[in-house]
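Notes to accompany the following structure.
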Amino acid sequence: MVAEIVGGYLAGSLAVMTDAAHLLTDLTSFIISLFSLWLSSKPATQRLSFGWHRAEILGALLSVFTIWLVTGVLVYLAVERLVTDDFTIEGSIMLITSGCAVVANIIMAVTLHQSGHGHSHGGLGHGHAHKNEKANNQKPNGVPSELIDMEQPDHGGRVQQANASVRAAFVHVIGDLLQSVSVLISAIVIFFRPEYKIADPICTFLFSILVLCTTFTIMRDILLVLMEGTPSGVKYSEVRDRLLAVKGVTAVHNLHIWALTMNQAMLSAHVAIDDSADAQTVLREMTQACFSSYNFHSVTIQMERQADLKPGCSLCENPNK
């Protein structure tokens, strides 16, 4: 990225600098991920009971605004060049810089392609669930609530998720490679035919659209987290039906599914069970269902008896689609 910024400045090429802006998107994502890992290691406080996990979302939001600002400046300069036609481009410097960018992307693509077919051992972590149980085998309503901590290991799923991340990164690098090749083609044209220098601002427009499309996807995910929306890949009705399928469950209400961060889904629900059902057994089956079918970071389930339900309760109604 630094090489393209310097090379683009020396060559007077906005297309090369726009390619660097695309790399800025990747770099800020890496920095935010590392920073959020450091913040997430800090313990939760009474004021921040969830800890510092949402710092990742705020950082991503700041990076998107920064990228929009940089892209806006480049587009403004490109429009100015088209209007005034008063600019020169050093074709040789642009050609060398874009050629180095293509080589760098090829090296990254080969490295990620080999990593994606590697072999891994062990898991990367475990899920964490808290269940608030209101039930007793002898007297349904005679026992105060007790908090039960359970950990559900997810070795194979996390390894598959890591491999999927590598494959996604490989696809992303292929996109970067195609963009770098486009800049290289523009550099070759300008090097041999300097009168076609208009190719540079035209490439700037095209690559700016590509950068903005990338940030719009990130912004959609950010807004979904900030609005406590159901995470992508998790269907509300499917989760509800999965809980209702557990033997002894008669009703599920106050079901909330949200994301603490982009990769940490949370679930809480009130579950009514039949009077003859064993609360501990039902609770264990629902917990296993949540962790085996979905990669939830935390699950909180409050057990209730069917007699505890209040007819006409607005909170017990299912949300609209």
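The backbone N, Cα and C atoms fix where each Cβ goes, and this holds for glycine too.
Unlike curated records, TrEMBL annotations are generated automatically.
What TrEMBL annotates here:
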DOMAIN    1-227  domain 'Cation efflux protein transmembrane'
TRANSMEM  20-39  transmembrane segment
TRANSMEM  60-79  transmembrane segment
TRANSMEM  91-112  transmembrane segment
REGION    118-150  region 'Disordered'
TRANSMEM  168-192  transmembrane segment
TRANSMEM  198-219  transmembrane segment
DOMAIN    231-305  domain 'Cation efflux protein cytoplasmic'
Segment-segment contact (the transmembrane segment (168-192); the transmembrane segment (60-79)) at 3 or more Cβ pairs under 8 Å: no
Contact set, same chain, for the transmembrane segment (91-112): CB under 8 Å, 6 or more residues outside the stretch: 3-4, 7-8, 10-11, 13, 15-16, 19, 166, 169-170, 173-174, 176-177, 180-181, 183-184, 186-188, 190-192, 194, 200
Model confidence over the domain 'Cation efflux protein cytoplasmic' (231-305), averaged pLDDT: 89
Within the domain 'Cation efflux protein cytoplasmic' (231-305), residues counted as helix, strand or coil by DSSP: 24 helix, 33 strand, 18 coil
